[in-house]
Amino acid sequence: MTEPAVRRGLRYRVLHAAALPALSVALTGITNLTMTVGVQAFAGLDALGAFSLIYAPAMVGLAIQRLVLSQTLMRGAHVSRVSGLPLALVLMWVSFPALSAVMAVFVSGPAVFKLLPLVCCLSLFQDFLRYMFLGAKAPAPAFVSDLVWFVIGALGLAVASVAPERALVFIIGAQIVGAAVSAATLFHARSRIGAIRITKTAPVGHLLTEATTISTLPQLSQYIIAGFVGIGVVGEFRSAQLMIVPVTMLATQTQAIIFPRLDPEDRGSVQRWGLLAGGAAGLFGLVLMIARAINPFGVFDLLGFGDSASFYWTLGALTLGAALSLYLMIYMVRIRIVLPQSYWLRWRIGAAVIEPIASVASGIAFGAPGLALGSVASNTATLTGLTVKERITPVSGSPPLVGSSPSG
């Protein structure tokens, strides 16, 4: 085989190894999005609010599990080698579906929502198996299982459009079948990773604390608002969140594009990239708001998105929060280097405490737009605190940055 052919083969394998995990993650997000939009389109905002409250424990559990597993596997460690992590995962598989079941009892909604705890349990288990394959550099089974789940979910939506009177049954039922088949597919293929011996370990205790706090506390505001104001407010807020999912996806892609080009030691470079990414997110959100107002071919009405002044204010607040969050995500790359972990971790946890407090106060006063202001408040407070601390902290023996130019 010639040298160019060898290079092409290596290039293909590198692209293949990088593309399949990205496609797997994208399919997971799209599958969850189609389920949520389906509930909104066929049942309305009140049902979407009930769905969000019942399914919230699943979203929290998935967020915690994904952060901890990705960091563990990225460091070359096996889950079984991390002290306390196997027990923590098992507890999550039990506790979060149980919380979802409790919510299904107390939250008023369609009877089929009583099955959401089962979706929660299957999702957590399937997600765990997927990360085991991704960590073992065997992404093909993970991609196939996610593709199967997506196809089954799409079929459920197609059947629901034909029989709208039982749409929720078909949508939720398809998710249960899809999650079960997907998890079974990975479990059956587990022999592909059974022979791998990973001996490294990874300290993820602080990550578990950070992920649990950041993922759990912001959800509390939705339950409080549902009790004080009404489930419809939560539904409108969740609908606006669905509307700006493309902005969230932009943030995910930004990490892959910007992080390799980022020089954390260069403060000016970090600021420029952060402003560029945050500005792009804000502009993208504005385009989505204009698109909703124009409503081409009535597609947004068909999907059940709101069209009130409150909905647009909520979209605006969420867009601002997303722009700040994206800037903060890039800024944190530098902060994790120049400031001690004990300091920035306190701010991260503090922001998670600020968000529900601000969301509840403004949510009671302003409804759905107020709920969206919690993220704006927490991100603003975090950016302010970290920026002030960074500017007065010497870096690599340099004098404090007070009075220096923005370009660093």
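Note: Cβ is positioned from N, Cα and C throughout, glycine not excepted.
Taken from TrEMBL, the feature transmembrane segment covers 12-35, 41-64, 85-106, 112-129, 141-161, 167-187, 273-291, 311-333.
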For the transmembrane segment (311-333), what are the same-chain contacts with Cβ under 8 Å, counting residues 6+ beyond its ends?
236-237, 239-241, 243-244, 247-248, 250-251, 254-255, 258-259, 262, 264, 270-271, 273-275, 277-279, 281-282, 285-286, 288-289, 292-293, 305, 344, 366, 368-369, 371-373, 375-376, 379-380, 382-383, 386-387
Intrachain neighbours beyond the transmembrane segment (85-106), with Cβ under 8 angstroms and 6 or more residues off its ends
53-58, 60-61, 64-65, 68, 72, 79, 113-114, 116-118, 120-121, 124-125, 128, 204, 208
Give residue numbers and ranges for long-range contacts of the transmembrane segment (167-187): same chain, 6 or more residues beyond its ends, CB-CB under 8 A.
31, 35, 38-39, 42-43, 47, 110, 112-113, 115-116, 118-119, 122-123, 125-126, 129-130, 132-133, 141-142, 144-146, 148-153, 155-157, 159-161
The answer for the transmembrane segment (112-129), taking Cβ pairs under 8 Å and residues 6+ beyond its ends, is 28, 50-51, 54-55, 57-58, 61-62, 65-66, 69, 89, 92-93, 96-98, 100-101, 104, 142, 145, 149, 168-169, 172-173, 175-176, 179-180, 182-183, 186-187, 190
